[in-house]
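Accompanying notes for the structure given below.
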Amino acid sequence: SDLFNCPNSSFSSFILVGIPGLGAFSTCLGILFCLGYVMALVGNGAVLLVIGLDSTLRDPIHCFLGMLAIVDVVMVTSIIPKMLSVFWLNSTEIGYVSCFVQMFLVHSTTSAESGVLLAMAVDRYVAICHPLRYQVILNYQIIAQIGLAILVRALFIMVPFIGMVTNLPYCRCRVVPHSYCEHMAVVKLACADPRPSGLYSVVGSSLTVGMDMAFIAVSYGMILKTVLGKKSPWKALSTCGGHICVMLLYYIPGMVSIYTQQFSSGVSVHVQVLLADLYLTLPTMLNPIIYSMRTKRIRQAVLKML
């Protein structure tokens, strides 16, 4: 409260600080995040458009790529517009309901993105290890069921958490030292003990990401076992290059951001907030670029559309 002067807000709203300690650079930061948002919308929109228009891009991997693009658009749209209003318009107040809706969208889309990356790893395993049965195993019905399972899992994880967070009593001072309603920054404002919801968040995200990464590791282990016995293993592995780059871009900053905010008290607040912002923005911006560079059919379809 000494740092932010703790202005009183109404009982139906929170106040977003932006990036603590970097208020003097809010205009420049807004420009950078706005450019990232435009790139994310244009890149993912182009991927969705070419997949929708080009009938040759209806195989399973491109269906999963379309799911990834939808998740990325929802994720980045849930935070950047409000963030820009804080940076540029000094519109720092966010409604009580809007805050928790934003929190729900952020965390459900991060869970969904991890699920889509797992589905894409399974796709690569089937394509390389069982190429003759690829279309049979991953038919449209199975793809739809996988998409539904990803959505249900995200809801199953987030609904109890949102219930725990909304049931906490919040004090009069509701200044969130963050640029969006990040759950740890919000629950610390509660007048009650926030540790159960924080523990649920860390355990839930760790189990979700841990299981997904374990299954991804198993699928790539089977892929390596299959391709190492062939004459040209690098040709088969090259089809996994885009997926591997996207995984590294998503999981490494994500785990660093989560554990930094939860356990590292020695890291300054503005570094923690910047990590959390970049973790949600960079993958959504770079994913379509990576797949456009790594996937010849997507690149040719985009050039043809242009």
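Just so you know, glycine gets a Cβ as well, placed from its N, Cα and C.
Remember, TrEMBL labels are computer predictions, not curated facts.
Among residues of the same chain six or more beyond the transmembrane segment (22-51), those with a C-beta under 8 A of the stretch's C-beta atoms are 57-58, 62-63, 65-66, 69-70, 72-73, 76-77, 80-81, 83-84, 86-88, 270, 277, 281-282, 284-285, 287-289, 291-292, 298, 301-302, 304-305. The transmembrane segment annotation in TrEMBL covers 22-51 (among others).
Feature annotation from TrEMBL assigns domain 'G-protein coupled receptors family 1 profile' to 43-291.
Positions annotated as transmembrane segment by TrEMBL: 63-88 (among others). Same-chain neighbours of the transmembrane segment (63-88): 16, 18, 26-27, 29-30, 33-34, 36-37, 40-41, 44-45, 47-48, 51-52, 94, 102, 105-106, 109-110, 112-113, 116-117, 119-120, 123, 140, 143, 147, 150, 179-180, 246, 277, 280-281, 283-285, 287-288, 291, 298, counting only residues six or more beyond its ends whose CB sits under 8 Å from a CB of the stretch.
According to TrEMBL, the transmembrane segment annotation covers 94-121 (among others).
Per TrEMBL, the feature transmembrane segment maps to 142-162 (among others).
Annotated transmembrane segment per TrEMBL: 202-224 (among others), in sequence order.
Residues or ranges marked as transmembrane segment by TrEMBL: 236-259 (among others). Sequence-distant contacts of the transmembrane segment (236-259), counting only residues of its own chain at least 6 positions beyond either end whose CB sits under 8 Å from a CB of the stretch, comprise 68, 110, 113-114, 117, 120-121, 124, 127-128, 202, 205, 209, 213, 216, 220, 223-224, 226-227, 230, 272, 275-276, 278-279, 282-283, 286-287, 290-291, 293-295.
Tertiary proximity for the transmembrane segment (271-291) is limited to same-chain residues at least six positions away from its ends with a CB under 8 Å from its CB atoms, namely 19-20, 33, 36-37, 39-40, 43-44, 46-47, 65, 68-69, 72-73, 75-76, 79-80, 83, 106, 110, 113, 177-180, 182, 242, 245-246, 249-250, 253-254, 256-257, 260-261, 264, 298. Taken from TrEMBL, the feature transmembrane segment covers 271-291 (among others).
Here the domain 'G-protein coupled receptors family 1 profile' (43-291) has a mean pLDDT of 85 out of 100.
When Cβ-Cβ distances below 8 Å are used as the criterion, the transmembrane segment (94-121) is approached by residues 11-16, 61, 64-65, 67-68, 71-72, 74-75, 78-79, 82, 146, 149-151, 153-155, 157-158, 161-162, 165-166, 176, 180-183, 186, 201, 205, 208-209, 212, 215-216, 219-220, 243, 246-247, 250-251, 254, 280, 283 of the same chain, each at least six residues removed from its ends.
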